[in-house]
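Q: Marked as 5-phospho-alpha-D-ribose 1-diphosphate binding site by Swiss-Prot on the basis of sequence analysis: 37, 38, 69, 88, 89, 90, 91, 92, 93, 94, 95, 96. Per Swiss-Prot, GMP binding site is recorded for 69, 92, 93, 94, 95, 96, 134, 135. Residues or ranges marked as Mg(2+) binding site by Swiss-Prot: 89. Annotated xanthine binding site per Swiss-Prot: 92, 135, in sequence order. For 92, 135, the entry in Swiss-Prot reads guanine binding site, with the evidence type sequence analysis.
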């Protein structure tokens with residue numbers, strides 16, 4: 001990855017609210033399935049914005065910190081996804097998205113961020129990201145002091 005895209009908590013909440021607007025009316029949804037772990041925070045934000053209380057998870061392991069590896073399904077939500085919004089933070093190459101589509105063919109699959117290779121696999125997303133960009137999510141970062149530019153020697 002040659003570029004980094006840093007996401008702040010404020011940006012994430014703004015993007016989630018934009019996505020929630022597109023998912024109205026809420027009456028069409030039975031619940032949300034969050035793709036663990038990346039989709040947990042966006043799913044919580046969407047659940048709040050849409051007033052949805054039925055939230056389940058599908059647990060798929062595909063990354064070891066910053067390296068992609070083989071997919072491993074750890075836990076699956078029941079059903080074919082009918083009436084459910086499946087939420088992940090991003091769609092990258094589409095590996096996880098393909099598995100999600102097979103497990104939940106009737107679900108509405110959304111992400112906050114989408115890269116070109118995976119974009120066709122989601123029903124909706126908010127932000128286009130170049131394929132060669134690494135996304136730094138706010139839950140993966142700590143807050144630290146950075147000295148002013150004029151203090152650097």
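Placed from the backbone N, Cα and C atoms, the Cβ positions cover glycine too.
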Q: Report, in whole Å, the straight Cα-to-Cα distance of residue 92 (GMP binding site) from residue 37 (5-phospho-alpha-D-ribose 1-diphosphate binding site).
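A: Cα to Cα, residue 37 (5-phospho-alpha-D-ribose 1-diphosphate binding site) and residue 92 (GMP binding site) are separated by 15 Å.
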Q: Most Cβ neighbours within 10 Å: which of the binding-site residues 91, 135 is it?
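A: Result of the Cβ crowding comparison: 91.
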Q: In whole Å, how far does the CA atom of residue 93 (5-phospho-alpha-D-ribose 1-diphosphate binding site) lie from that of residue 134 (GMP binding site)?
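A: If we compare the Cα positions of residue 93 (5-phospho-alpha-D-ribose 1-diphosphate binding site) and residue 134 (GMP binding site), the gap is 12 Å.
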Q: Given residue 89 (5-phospho-alpha-D-ribose 1-diphosphate binding site) and residue 134 (GMP binding site), what distance in Å do their CA atoms have, once rounded to a whole number?
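A: So the Cα of residue 134 (GMP binding site) lies 13 Å away from that of residue 89 (5-phospho-alpha-D-ribose 1-diphosphate binding site).
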Q: Give me the CA-CA distance between residue 91 (5-phospho-alpha-D-ribose 1-diphosphate binding site) and residue 134 (GMP binding site), in Å, as a whole number.
A: 12
Q: May I ask you to report the DSSP-based helix, strand or coil state of residue 96 (GMP binding site)?
A: helix
